[in-house]
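Peer 1: What Swiss-Prot lists as active site, proton acceptor is Glu247, and the listing cites sequence analysis. If you look up Swiss-Prot, you'll see 56-100 marked as repeat 'Kelch 1'. Taken from Swiss-Prot, the feature repeat 'Kelch 2' applies to 102-155. Per Swiss-Prot, the feature repeat 'Kelch 3' maps to 157-192. Annotation source Swiss-Prot lists repeat 'Kelch 4' at 193-238. Sequence annotations record features per position, and here Swiss-Prot assigns repeat 'Kelch 5' to 241-290. Positions annotated as repeat 'Kelch 6' by Swiss-Prot: 312-361. Summarising the annotation, Swiss-Prot assigns repeat 'Kelch 7' to 363-392. According to Swiss-Prot, the feature signal peptide maps to 1-35, an assignment based on sequence analysis.
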Amino acid sequence: MTQIYHQYKKKLSTKVILLSALTLCITFSLPYANAERYPDVPVAFKYGTGARVDNHLYVGLGSAGQSWYRLDTDKASSGWQKIADFPGQPREQAVTVALSGKLYVFGGVGKNSASDTQVRALDDVYQYDPQTNQWQRLATRAPRGLVGTAATTLNGTQALLLGGVNKAIFDGYFTDLAAAGGNETQKNAVVNAYFDQAPADYFYNRDVLMYDPAKNQWKSGGQVPFLGTAGSAITAKKGDLILINGEIKPGLRTAAVWQGKTQGTELKWQQRPDLIGAEKGAVQEGLAGAFAGVSHDVVLVGGGANFPGSWQQFNAGQLYAHQGLKKQWQQPIYALVDNQWQVAGKLPQPLAYGVSIQDKDKVILLGGETSDGVATSAVTQLSWQGGKLHLE
């Protein structure tokens, strides 16, 4: 039986390694070498998705509806171009992986049809061919509903999908809310019953899902040895997968970081250092909806959102851990250097739930939402050079 690591308890003090104020000043004043600033996306969007194929960046969905846009990074001054609209229903939190020169869009949260009255966890898959500018829905369904799922590829030919909510529980919550109608007492009962549960009782997905587009088949990549998460950041480093934070139940995030290495047909997992707090002695509440990537072998993580105080309430025995707390969008950027996290700098503004795209040794951050959920069209480039973080 696989041992599951239950990281419930959090220490209320965390060692933090801070760069000097002078270093931070230098970091923000110098763009990295040979950088060309990428233009903002034509529309502000959040909860969208995207990927890179060759020298083109693609983003769409979320609050952008069915729209998708493409940027040729070799001709960035020409700006973003609109491509064919997504043929499926509008959705948020879909994930996209570029495989063999095509985009594959998985799941999300939305309606099954235009006439549907309820959002639900979706399991459909769409393919986009840049050569023909055409979309098609594939004759397959993911083995799980894909909301809050993290996705990447380690070989460019197969997609790896991890985490995400339990479809039955997630869909059931919205069904029960709809059934309550205008009865506030009944609605409150539904909300309290949903949030007042232990992390394991949400049955977040622990299966590693592998999709092979050549065969249009799903396979098992084993199970993770820790609680399933939703909204984790994900990136790849030297052929290994890095899974960063995410929520272990609604409103409660984990600071854990895991590394997955391919071993046969499955992934072998090793825990990396937990993400540190943004200030000396501060608790790291964990992040959901953060941005992540790798630059010159340094893992970079920035932004995200959480509920400060949620771990304190949870450790005091309150399962509804974020009750009465205010959601906070985060600004710090962290770097994993020599297997140790440090606070490397800050984003231009608090930001979460956008798109991270790896572009060689740059990490491109596109869109997302700022404080109080306001969508942005901003594009920011991160890189690590000379022991410093650079933003453009």
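Glycine residues also receive a Cβ, built from the backbone N, Cα and C atoms like all the rest.
Note that the coordinates shown come from a computational prediction; the quantities given were computed from them, not determined experimentally.
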Peer 1: Could you pull out which residues elsewhere in the chain have a CB under 8 Å from any CB of the repeat 'Kelch 7' (363-392), counting only those six or more residues past its ends?
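Peer 2: Sequence-remote neighbours of the repeat 'Kelch 7' (363-392) are 23, 26-28, 30-33, 35, 37-48, 50, 57, 59, 62-63, 289, 291-296, 298, 300, 302-303, 329, 333, 335, 337, 344-345, 347-357.
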Peer 1: Six or more residues beyond either end and a Cβ under 8 Å away: which residues meet both conditions relative to the repeat 'Kelch 3' (157-192)?
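Peer 2: Same-chain residues near the repeat 'Kelch 3' (157-192) but 6 or more away: 95, 97, 99-100, 104, 106-107, 117-121, 123, 142, 144-151, 202-205, 208-214, 221, 224, 228-232, 234, 241, 243, 246, 267, 320.
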Peer 1: Over the span of the repeat 'Kelch 2' (102-155), count residues by DSSP class, listing helix, strand and coil in order.
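Peer 2: Across the repeat 'Kelch 2' (102-155), DSSP assigns the residues as follows: 0 helix, 26 strand, 28 coil.
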Peer 1: Work out the three-state DSSP category of Glu247 (active site, proton acceptor).
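Peer 2: Going by the DSSP assignment, Glu247 (active site, proton acceptor) falls within a strand, counted as strand.
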Peer 1: Just give the helix, strand and coil counts over the repeat 'Kelch 5' (241-290), going by DSSP.
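Peer 2: Reading the DSSP string over the repeat 'Kelch 5' (241-290) gives 0 helix, 24 strand, 26 coil.
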Peer 1: Provide the number of Cβ atoms within 10 Å of the Cβ of the residue listed as 'active site, proton acceptor', excluding the reference atom itself.
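Peer 2: So the Cβ neighbour count for the residue listed as 'active site, proton acceptor' comes to 30.
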Peer 1: Tell me the residue counts in helix, strand and coil for the repeat 'Kelch 1' (56-100), as DSSP assigns them.
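Peer 2: Taking the repeat 'Kelch 1' (56-100) as a whole: 9 helix, 19 strand, 17 coil.
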